Amino acid sequence: MTSGLCELGVYRLLPSLLLVLGYALQAVTPRPLGELLLLVFLAASICAASVFWRGAMLLFLSGSLTGFIFEVIGLSTGLPFGSYTYHWAAPRILGVPVPVVVAWGTYVYTSYLSSLPLPGRRGRAVATVLYMVFLDLGLDPVMVERGLWEWTAPGSSWFGVPVSNFAGWGLVTAIAVLVYQRIVRDEPQVPRIGSLTVLAACLVVAREATAATIVPFISSFALLTTLSALVYVLGGRKSIK
(Lines of atoms letter the chains of each structure in order from A and count residues from 1; the text may use other names and numbers.)
(Lines give C-alpha, C1' and ligand atoms only; values in the text may rest on other atoms or scores of the structure.)
Protein backbone atom coordinates (compact mmCIF):
# COMPACT_ATOMS: atom_id res chain seq x y z
CA MET A 1 0.00 0.00 0.00
CA THR A 2 2.75 2.41 1.00
CA SER A 3 4.75 1.47 -2.08
CA GLY A 4 1.74 2.16 -4.28
CA LEU A 5 1.22 5.59 -2.76
CA CYS A 6 4.87 6.45 -3.31
CA GLU A 7 4.67 5.39 -6.94
CA LEU A 8 1.68 7.67 -7.43
CA GLY A 9 3.53 10.55 -5.80
CA VAL A 10 0.76 10.99 -3.22
CA TYR A 11 3.34 11.40 -0.44
CA ARG A 12 4.46 14.56 -2.25
CA LEU A 13 1.17 16.18 -1.30
CA LEU A 14 2.12 16.18 2.39
CA PRO A 15 3.78 19.64 2.24
CA SER A 16 0.62 21.06 0.67
CA LEU A 17 -1.64 19.38 3.23
CA LEU A 18 0.42 20.74 6.12
CA LEU A 19 0.40 24.23 4.64
CA VAL A 20 -3.36 24.16 4.04
CA LEU A 21 -3.90 23.06 7.62
CA GLY A 22 -1.72 25.92 8.84
CA TYR A 23 -3.69 28.51 6.89
CA ALA A 24 -6.98 26.99 8.08
CA LEU A 25 -5.92 27.10 11.73
CA GLN A 26 -4.73 30.68 11.34
CA ALA A 27 -8.12 31.63 9.92
CA VAL A 28 -10.10 30.20 12.86
CA THR A 29 -7.69 30.96 15.72
CA PRO A 30 -7.37 34.36 17.43
CA ARG A 31 -4.16 36.34 16.97
CA PRO A 32 -1.31 35.90 17.78
CA LEU A 33 -1.84 32.15 18.26
CA GLY A 34 -3.11 31.84 14.69
CA GLU A 35 0.07 33.35 13.27
CA LEU A 36 2.17 31.05 15.45
CA LEU A 37 0.28 27.98 14.27
CA LEU A 38 0.82 28.98 10.65
CA LEU A 39 4.56 29.30 11.28
CA VAL A 40 4.64 25.86 12.90
CA PHE A 41 2.85 24.19 9.99
CA LEU A 42 4.87 26.21 7.46
CA ALA A 43 8.06 24.86 9.03
CA ALA A 44 6.59 21.34 8.98
CA SER A 45 5.65 21.76 5.33
CA ILE A 46 9.14 22.89 4.37
CA CYS A 47 10.69 20.00 6.31
CA ALA A 48 8.38 17.50 4.62
CA ALA A 49 9.11 19.01 1.21
CA SER A 50 12.87 18.91 1.81
CA VAL A 51 12.73 15.10 1.78
CA PHE A 52 12.20 15.16 -2.00
CA TRP A 53 12.79 18.85 -2.83
CA ARG A 54 16.11 20.15 -1.56
CA GLY A 55 15.38 23.70 -2.64
CA ALA A 56 12.25 24.19 -0.52
CA MET A 57 13.95 26.10 2.28
CA LEU A 58 16.08 28.08 -0.16
CA LEU A 59 12.94 29.19 -1.99
CA PHE A 60 11.40 30.46 1.26
CA LEU A 61 14.60 32.31 2.15
CA SER A 62 14.88 33.79 -1.34
CA GLY A 63 11.31 35.07 -1.11
CA SER A 64 11.84 36.57 2.34
CA LEU A 65 15.21 38.17 1.57
CA THR A 66 14.17 39.56 -1.82
CA GLY A 67 10.93 40.90 -0.38
CA PHE A 68 12.80 42.49 2.54
CA ILE A 69 15.33 44.23 0.27
CA PHE A 70 12.62 45.70 -1.93
CA GLU A 71 10.52 46.69 1.09
CA VAL A 72 13.48 48.69 2.44
CA ILE A 73 13.93 50.31 -0.97
CA GLY A 74 10.19 50.91 -1.29
CA LEU A 75 9.84 52.62 2.08
CA SER A 76 12.61 55.10 1.24
CA THR A 77 12.01 55.68 -2.48
CA GLY A 78 8.47 54.53 -3.28
CA LEU A 79 9.85 52.07 -5.85
CA PRO A 80 8.70 49.66 -7.12
CA PHE A 81 5.42 49.47 -5.19
CA GLY A 82 4.47 53.11 -4.65
CA SER A 83 4.61 55.42 -1.65
CA TYR A 84 3.37 53.80 1.56
CA THR A 85 3.75 53.79 5.34
CA TYR A 86 3.44 50.90 7.80
CA HIS A 87 1.28 51.25 10.92
CA TRP A 88 1.77 47.62 11.92
CA ALA A 89 2.51 47.29 15.65
CA ALA A 90 5.21 44.65 15.24
CA PRO A 91 9.02 44.44 15.57
CA ARG A 92 10.78 45.99 12.59
CA ILE A 93 14.04 45.62 10.73
CA LEU A 94 15.11 48.80 8.92
CA GLY A 95 11.49 49.94 9.11
CA VAL A 96 10.01 46.73 7.71
CA PRO A 97 7.69 44.77 10.06
CA VAL A 98 9.08 41.28 10.66
CA PRO A 99 5.71 39.63 9.78
CA VAL A 100 5.95 41.25 6.33
CA VAL A 101 9.36 39.68 5.74
CA VAL A 102 8.05 36.26 6.77
CA ALA A 103 4.93 36.75 4.65
CA TRP A 104 6.98 37.30 1.50
CA GLY A 105 8.74 33.97 1.95
CA THR A 106 5.53 32.21 2.93
CA TYR A 107 3.54 33.40 -0.07
CA VAL A 108 6.36 32.77 -2.56
CA TYR A 109 6.77 29.25 -1.16
CA THR A 110 3.01 28.66 -1.26
CA SER A 111 2.73 29.93 -4.83
CA TYR A 112 5.66 27.93 -6.15
CA LEU A 113 4.47 24.81 -4.37
CA SER A 114 1.15 25.27 -6.17
CA SER A 115 2.98 25.49 -9.51
CA LEU A 116 4.91 22.22 -9.09
CA PRO A 117 2.32 20.13 -10.98
CA LEU A 118 3.58 21.89 -14.13
CA PRO A 119 6.37 20.01 -15.95
CA GLY A 120 8.56 23.00 -16.91
CA ARG A 121 10.46 25.46 -14.74
CA ARG A 122 9.58 28.45 -16.92
CA GLY A 123 5.92 27.64 -16.58
CA ARG A 124 6.34 27.29 -12.84
CA ALA A 125 8.01 30.70 -12.64
CA VAL A 126 5.24 32.38 -14.63
CA ALA A 127 2.52 30.65 -12.61
CA THR A 128 4.18 31.71 -9.35
CA VAL A 129 4.30 35.36 -10.41
CA LEU A 130 0.64 35.26 -11.42
CA TYR A 131 -0.37 33.49 -8.21
CA MET A 132 1.35 36.21 -6.17
CA VAL A 133 -0.19 39.12 -8.08
CA PHE A 134 -3.67 37.59 -8.01
CA LEU A 135 -3.34 36.90 -4.29
CA ASP A 136 -2.38 40.50 -3.57
CA LEU A 137 -5.38 41.83 -5.47
CA GLY A 138 -7.41 40.71 -2.46
CA LEU A 139 -4.79 40.82 0.27
CA ASP A 140 -3.62 44.41 -0.04
CA PRO A 141 -7.05 46.13 0.01
CA VAL A 142 -8.06 44.06 3.05
CA MET A 143 -4.87 44.85 4.97
CA VAL A 144 -5.15 48.55 4.13
CA GLU A 145 -8.73 48.49 5.39
CA ARG A 146 -7.44 46.95 8.63
CA GLY A 147 -4.99 49.84 8.98
CA LEU A 148 -1.78 47.79 8.84
CA TRP A 149 -0.35 50.11 6.19
CA GLU A 150 -1.37 53.16 4.21
CA TRP A 151 -0.76 54.30 0.65
CA THR A 152 0.16 57.98 0.68
CA ALA A 153 -0.28 58.62 -3.05
CA PRO A 154 -2.34 55.82 -4.60
CA GLY A 155 -2.98 57.57 -7.95
CA SER A 156 -4.56 55.07 -10.35
CA SER A 157 -5.68 52.47 -7.89
CA TRP A 158 -7.46 49.19 -7.26
CA PHE A 159 -9.62 49.81 -4.19
CA GLY A 160 -7.10 52.27 -2.79
CA VAL A 161 -4.01 50.30 -3.79
CA PRO A 162 -1.84 51.76 -6.59
CA VAL A 163 -1.52 49.66 -9.72
CA SER A 164 2.26 50.00 -9.41
CA ASN A 165 2.10 47.85 -6.27
CA PHE A 166 0.93 44.82 -8.22
CA ALA A 167 3.66 45.36 -10.81
CA GLY A 168 6.07 45.52 -7.88
CA TRP A 169 4.77 42.23 -6.50
CA GLY A 170 5.31 40.62 -9.88
CA LEU A 171 8.84 42.02 -10.13
CA VAL A 172 9.89 40.97 -6.63
CA THR A 173 8.45 37.48 -7.11
CA ALA A 174 10.17 37.07 -10.47
CA ILE A 175 13.54 38.04 -8.97
CA ALA A 176 13.08 35.74 -5.96
CA VAL A 177 12.20 32.82 -8.24
CA LEU A 178 15.06 33.62 -10.64
CA VAL A 179 17.59 33.60 -7.79
CA TYR A 180 16.19 30.31 -6.53
CA GLN A 181 16.15 28.68 -9.98
CA ARG A 182 19.73 29.77 -10.68
CA ILE A 183 20.86 27.84 -7.61
CA VAL A 184 18.47 24.89 -7.59
CA ARG A 185 18.35 22.77 -10.74
CA ASP A 186 16.44 19.67 -9.70
CA GLU A 187 12.79 19.93 -8.72
CA PRO A 188 10.02 17.40 -8.15
CA GLN A 189 6.70 17.29 -9.91
CA VAL A 190 3.73 16.85 -7.60
CA PRO A 191 0.20 15.51 -8.25
CA ARG A 192 -2.06 17.99 -10.03
CA ILE A 193 -4.32 18.56 -7.03
CA GLY A 194 -1.38 20.43 -5.48
CA SER A 195 -2.25 23.38 -7.71
CA LEU A 196 -5.07 24.23 -5.30
CA THR A 197 -2.74 24.80 -2.34
CA VAL A 198 -2.58 28.57 -2.83
CA LEU A 199 -6.34 28.88 -2.35
CA ALA A 200 -5.85 28.17 1.36
CA ALA A 201 -4.01 31.49 1.66
CA CYS A 202 -7.34 33.17 0.94
CA LEU A 203 -8.89 31.86 4.16
CA VAL A 204 -7.35 34.52 6.38
CA VAL A 205 -8.10 37.23 3.83
CA ALA A 206 -11.72 36.07 3.78
CA ARG A 207 -11.91 36.33 7.56
CA GLU A 208 -10.65 39.91 7.51
CA ALA A 209 -12.66 41.10 4.50
CA THR A 210 -15.44 43.64 5.08
CA ALA A 211 -18.24 44.99 2.92
CA ALA A 212 -15.75 47.53 1.56
CA THR A 213 -13.26 44.86 0.49
CA ILE A 214 -15.45 41.92 -0.46
CA VAL A 215 -15.27 42.75 -4.19
CA PRO A 216 -11.45 42.69 -4.40
CA PHE A 217 -11.40 39.52 -2.32
CA ILE A 218 -13.89 37.73 -4.58
CA SER A 219 -12.02 38.95 -7.67
CA SER A 220 -8.73 37.68 -6.25
CA PHE A 221 -10.21 34.31 -5.31
CA ALA A 222 -11.81 33.90 -8.74
CA LEU A 223 -8.53 34.61 -10.55
CA LEU A 224 -6.59 32.27 -8.26
CA THR A 225 -9.16 29.52 -8.77
CA THR A 226 -9.00 29.95 -12.55
CA LEU A 227 -5.21 29.82 -12.57
CA SER A 228 -5.18 26.80 -10.25
CA ALA A 229 -7.59 25.03 -12.59
CA LEU A 230 -5.33 25.83 -15.55
CA VAL A 231 -2.27 24.50 -13.73
CA TYR A 232 -4.29 21.39 -12.84
CA VAL A 233 -5.18 20.81 -16.49
CA LEU A 234 -1.65 21.43 -17.76
CA GLY A 235 0.02 19.55 -14.92
CA GLY A 236 0.94 15.91 -14.79
CA ARG A 237 2.10 15.74 -18.38
CA LYS A 238 5.27 13.99 -17.30
CA SER A 239 5.44 11.03 -15.00
CA ILE A 240 6.51 11.83 -11.44
CA LYS A 241 10.04 10.64 -10.84
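Backbone N, Cα and C define each Cβ position, glycine as well.
Bear in mind that TrEMBL entries carry predicted annotations, made automatically and left uncurated.
Annotated transmembrane segment per TrEMBL: 36-53 (among others), in sequence order. Sequence-remote contacts of a segment are chain residues at least 6 beyond its ends whose Cβ falls under 8 Å from one of its Cβ atoms, and for the transmembrane segment (36-53) they are 11-12, 14-16, 18-19, 21-23, 25-26, 29, 60, 102, 106, 109, 113, 187-188.
Positions annotated as transmembrane segment by TrEMBL: 58-81 (among others). Counting residues 6+ beyond its ends, the transmembrane segment (58-81) has Cβ neighbours under 8 Å at 46, 93-96, 100-109, 112, 153, 162, 164-165, 167-169, 171-173, 175-177, 179-180, 183-184 in the same chain.
Outside the transmembrane segment (93-113), and at least 6 residues removed from its termini, the chain residues within Cβ reach (under 8 Å) are 15-16, 19, 35, 38-39, 42, 45-46, 49, 56, 59-68, 71-72, 75, 86, 124, 127-128, 131-132, 135, 172-173, 176-177, 180, 190, 194, 197-198, 200-201. Per TrEMBL, the feature transmembrane segment maps to 93-113 (among others).
Per TrEMBL, transmembrane segment is recorded for 125-144 (among others).
Per TrEMBL, transmembrane segment is recorded for 156-178 (among others). Sequence-remote contacts of a segment are chain residues at least 6 beyond its ends whose Cβ falls under 8 Å from one of its Cβ atoms, and for the transmembrane segment (156-178) they are 59, 62-63, 65-67, 70, 74, 79-82, 84, 104, 108, 111-112, 124-125, 128-129, 132-133, 136-137, 140-141, 144, 212-213, 215-216.
Marked as transmembrane segment by TrEMBL: 190-207 (among others).
The transmembrane segment annotation in TrEMBL covers 213-235 (among others).
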